[in-house]
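Trainee: Sharing a structure below in structure tokens format, with a few things to ask.
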Amino acid sequence: MIGCLLIHGFTGAPYEVEPLAEYFRNHTDWIVSSPTLPGHGEQDSLRGITFQQWIDTAEAHLQHLQEQCDTVYLIGFSMGGVLAGYLATKYQVNKLVLLSAAIQYIHPIQMVKDVGGMITDLCRGKLFKNELFIRYSRKVRSTPFVASLEFRKLVQHLKPSFESVFTPTMILQGKLDGLVPYKTAQAIYNLIGSEEKQVKVMENSKHLICHGADRNEVIDSVYRFLTSEMKENK
């Protein structure tokens, strides 16, 4: 049995990776898990939540998946990419996908600006009528400063582990990402220890790479990577 764990980003929720999760559920017989990290539900608050709780939750879901499956794929978006990279050094993971992985600190307000720009482009000015933006904006603007500090701690704590990532890895990054510069993808490529790795830059995508103009290419690239033999591609 194949299992796939998808981990969302800071202030986000599973909807950030839902296009991928939905595709896998509709086109495979995999067990697909896309949990909500502590404090990240629409009705939940990040106040009082520590970065260790995010690690523990992601780790528990990975352990549960490994109990059911003999093949496990791990996908992380933004902060979820940092968590995924770290977990790949602790557990046997067959393949790793890092989407817009935030291995540097990003400010929550910039998230709203970046998402706003993306939705404006896609919806031709109907920004505030867009459910995704409204949901994302509300959550980000209510994020306590201490939660942002916890995010920074998480990155500082887990980034060094990337040197010990030896799992076959695909790195995807939006060239128009205003939060995580697209050159970060190459930096991650150089940092991780895996000999089987590839990086792909989506020319028309911003930070929310699964919801951008290249979303179909993102889904296709990830699916092909997970289901076929990998060849190194800088």
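Glycine is no exception: its Cβ is also placed from the backbone N, Cα and C atoms.
Any TrEMBL annotation is an automated prediction that lacks curation.
What TrEMBL records for this protein is below:
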{"type": "ACT_SITE", "residues": "Ser78", "note": "active site, nucleophile"}
{"type": "ACT_SITE", "residues": "Asp177", "note": "active site, charge relay system"}
{"type": "ACT_SITE", "residues": "His207", "note": "active site, charge relay system"}
{"type": "BINDING", "residues": "Phe10, Met79", "note": "substrate binding site"}
{"type": "DOMAIN", "residues": "4-210", "note": "domain 'Serine aminopeptidase S33'"}
Trainee: C-alpha of His207 (active site, charge relay system) to C-alpha of Asp177 (active site, charge relay system): distance in Å?
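Mentor: Cα to Cα, His207 (active site, charge relay system) and Asp177 (active site, charge relay system) are separated by 5 Å.
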Trainee: Pop the Cα-Cα gap between Asp177 (active site, charge relay system) and Met79 (substrate binding site) into the table, whole Å please.
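Mentor: Cα-Cα distance, Met79 (substrate binding site) to Asp177 (active site, charge relay system): 14 Å.
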Trainee: Tell me the Cα distance separating Ser78 (active site, nucleophile) from Asp177 (active site, charge relay system), rounded to the nearest angstrom.
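Mentor: Between the Cα atoms of Asp177 (active site, charge relay system) and Ser78 (active site, nucleophile), the distance comes to 11 Å.
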Trainee: Need one number: mean pLDDT over the domain 'Serine aminopeptidase S33' (4-210).
Mentor: 87
